[in-house]
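So that you can see what the record holds, here are the features copied from TrEMBL:
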| type | residues | note |
| --- | --- | --- |
| DOMAIN | 1-390 | domain 'Major facilitator superfamily (MFS) profile' |
| TRANSMEM | 28-48 | transmembrane segment |
| TRANSMEM | 54-73 | transmembrane segment |
| TRANSMEM | 85-105 | transmembrane segment |
| TRANSMEM | 117-137 | transmembrane segment |
| TRANSMEM | 187-210 | transmembrane segment |
| TRANSMEM | 230-249 | transmembrane segment |
| TRANSMEM | 270-289 | transmembrane segment |
| TRANSMEM | 301-322 | transmembrane segment |
| TRANSMEM | 334-356 | transmembrane segment |
| TRANSMEM | 362-383 | transmembrane segment |
Amino acid sequence: MTPKSRSTGPGGAKGRLSPLSEVYGRNGIYHVANIFFTIFTACCGLSPNVGALLAFRLLAGFFGGAPLTNGGGTIADIIPVKERGFIMSIFSVSMLVGPVLGPVVGGFLAQAKGWRWIFWILTILSGFTTILCFICLRETYSPVLLERKAGRLREQTHDPLYQVKGRSSQNLGPLLMAAVTRPTRMLVNPIILGTSLHMAVMYGIIYLLFTTFSIVFQHEYGFEEGLAGLAYLGIGIGSILGMAGFGRYSDRIYTHLSEKHHGSEPEYRLPPLIPSYFAMPIGLVIYGWTTQYHLHCILPIIGSSFVGFSLMGCFAAIQAYLVDGFTMYTASVLAANSLIRSLAGGLIPLGGIGLYDRIGLGWGNTLLAFLSIVFGSSPVFFYKYGEKLRQSRIGVD
């Protein structure tokens, strides 16, 4: 339940906190989220019982999730569209490497110093990051920058007519309400809902695999607590390979298709999803059946690397697609995507363990492979019909 509380919390932060960056700017949200994440992470280390630990983990996840969507907004603010694929791949892999490296370091740390030291180290690192953000970060959201410039001009010229359209103080209430509710409203948009469901299934599968690692590698293969964390490196290595592949070819494919069709479309971000489509079911089948028959421990780790590769390509391609397609509301569209994804990451593992108990890891993962094939085919539909669907602006305006 503890990791699930951490994975579910970010959905709320991205759904309610991050969209406020489209009203107040990116920086303020970064700073507020970082401060409270540090505070509640420290509270986790001080927790007197499991209930308190779960509550503080949920709150830490709530605030810790905000920079994940704000980061996509910052990238959209400052990176030209033809260069975003590579940058988005780096940004996306950071979200996957964290859950991979955490168990590796945490396993050895808990074994040597106790579980509370995991949170002390996280508090130190997040505190340092918070200070660094205060020193280095600058505002990037153009409407807020324009609003600040208009304010300076009003002060210098004493002319109240210097205003940014739709962002006057009289419009702050409706603007704030629109920002807070926009992620939920966006879920009626077929592109946002479809890509969110696609990523939700992939995200739920990866967290379901995470819950089996301790069972498989500690109980079945006899790994000690510290060594069991090394099993996560397969997903980490696969994610890095996925980042390298997507980052290398995403912008090239985008540029090639733009030149070929004499114009750019966000759908040109989707073709690199093809390798991910095949890698996920292959990895799930390898992981499931090699553990079912208790084959050499390196084989399920290799299988998990295929899953990491697939998830990385899925994350980077879909997030780049959403950023390009809904640039002005990047934080909101990524928040809407994350609402579904984070819930899946928290809830799917709850039922998944029962599935494995009934039909075993082999057939259980084969079933998950089938689901990944079904949901993984949705980008083909959006590549063909995405332009028409985007023009409808359902749930956006």
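Cβ atoms here come from the backbone N, Cα and C positions, even for glycine.
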State, in range form, which of 28-48, 187-210, 230-249, 270-289 has the highest count of Cβ pairs under 8 Å to the transmembrane segment (85-105). 230-249
On average, what pLDDT score does this prediction assign to the domain 'Major facilitator superfamily (MFS) profile' (1-390)? 83
